[in-house]
Amino acid sequence: MSKVIVMDHPLIQHKIGIMRVKTTSTKEFRDLVSEVAMLICYEATRDLPLADIEIETPLVKATVKEIAGKKLCIVPILRAGLHMADGILNLIPNAKVGHIGMYRNEETLEPVEYFCKLPSDAAEREIFVVDPMLATGGSAAAAISQLKSRGIQRIHFLCLIAAPEGVKFLQEKHPDVDIYIGALDERLNEQGYILPGLGDAGDRIYGTK
Ligand code: PRP
Ligand code: URA
């Protein structure tokens, strides 16, 4: 079974607290999405394997570490995942980026895929799927199924806020995918929104609605 890691770092909790406030501005909200994504990524990359390499400092030859093995790829789920990807690229500037376009049908809450573009060597990479909200889990599960259908195996999922219902659903559908969560909330409401949550992440990032 996969790992579910809920962040307990004070900086993450503080920043997500600001994001929840309904009067937080679009600009501040957008900046916080990037910052919290970067902090969660720091934890999600903790187990990446390292290898020794020989270098020369200005003074001597030395053995230092570099990240070994597979290279990385960030896959934001559009729209809201895009700003998480921007934050993570500050930490891992050489990562490639794939995109999956997905929206929830507001009545059925079923995910609808409208776009998928991945690096040609994505199957050889360690993949970080990012989306601020894990609500029913439908969008994340469908995005990960799409990646697996293209031969991608090593997948991690990062979100800012999750509902218990979404975590359970994603674990059942993809028991091999580790889930990194900024804050685990109480439940979903009747419209499939996370409570207490932060509202519609895409609308708050882009000022739509
Ligand atoms: C939001 C969010 C997730 C999805 C989560 O996207 O960014 O992708 O809902 O809900 P789920 O877990 O129940 O599938 P939305 O459908 O609002 O699209 P948008 O990012 O384009 O606004
Ligand atoms: N999508 C969001 O943006 N927010 C929620 O609370 C649920 C789904």
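Using N, Cα and C of the backbone, Cβ positions are placed for all residues, glycine too.
Since this is a predicted model, take the numbers as computed values, not measurements.
Record features, source TrEMBL:
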- 6-208: domain 'Phosphoribosyltransferase' (DOMAIN)
- Arg79, Arg104, Asp131, Pro132, Met133, Leu134, Ala135, Thr136, Gly137, Gly138, Ser139, Asp200: 5-phospho-alpha-D-ribose 1-diphosphate binding site (BINDING)
- Ile194, Gly199, Asp200, Ala201: uracil binding site (BINDING)
Item to complete: Determine, using Cα-Cα distances only, which of these binding-site residues is closest to Ile194 (uracil binding site): Arg79, Met133, Ala135, Gly137.
Response: Ala135
Practice prompt. Tell me which binding-site residues (Arg79, Asp131, Met133, Gly137, Ile194) have a Cβ under 6 A from ligand 1; sequence order is fine.
Written response: Arg79, Asp131, Met133, Gly137
Item to complete: With the Cβ under 6 Å from ligand 2 as the test, give me the qualifying entries from the binding-site residues Met133, Ala135, Gly137, Ile194, Asp200, Ala201.
Response: Met133, Ala135, Ile194, Asp200, Ala201
Fill in: Greatest inter-residue Cα distance in Å for the 5-phospho-alpha-D-ribose 1-diphosphate-binding set Arg79, Arg104, Asp131, Pro132, Met133, Leu134, Ala135, Thr136, Gly137, Gly138, Ser139, Asp200
17
Practice prompt. For Ala201 (uracil binding site), just count the other CB atoms lying within 10 A of its CB, please.
Written response: 25
Worksheet, complete the sentence: Residues sitting within 8 A of the centre of the Ile194, Gly199, Asp200, Ala201 CB atoms (uracil site), not counting those, run Pro132, Met133, Ile161, Tyr193, Gly197, Leu198, Gly202, Asp203, Arg204
Worksheet item: Going by DSSP, is Met133 (5-phospho-alpha-D-ribose 1-diphosphate binding site) part of a helix, a strand, or coil?
Response: strand
Discussion item. Within 10 Å of Ser139 (5-phospho-alpha-D-ribose 1-diphosphate binding site) (Cα to Cα), which of the binding-site residues Gly199, Asp200, Ala201 do you find?
Written reply: none
Fill in: Confidence summary (mean pLDDT) of the domain 'Phosphoribosyltransferase' (6-208)
96
Response to the item:
Here the 10 Å Cβ neighbour count for Arg79 (5-phospho-alpha-D-ribose 1-diphosphate binding site) comes out at 17
Item to complete: Within 10 Å of each Cβ, count the other Cβ atoms, then let me know which of the binding-site residues Asp131, Asp200 comes out lowest.
Response: Asp200
Worksheet item: Where does Ala201 (uracil binding site) sit in DSSP terms: helix, strand, or coil?
Response: helix
Discussion item. According to DSSP, does Ser139 (5-phospho-alpha-D-ribose 1-diphosphate binding site) sit in a helix, a strand, or coil?
Written reply: helix
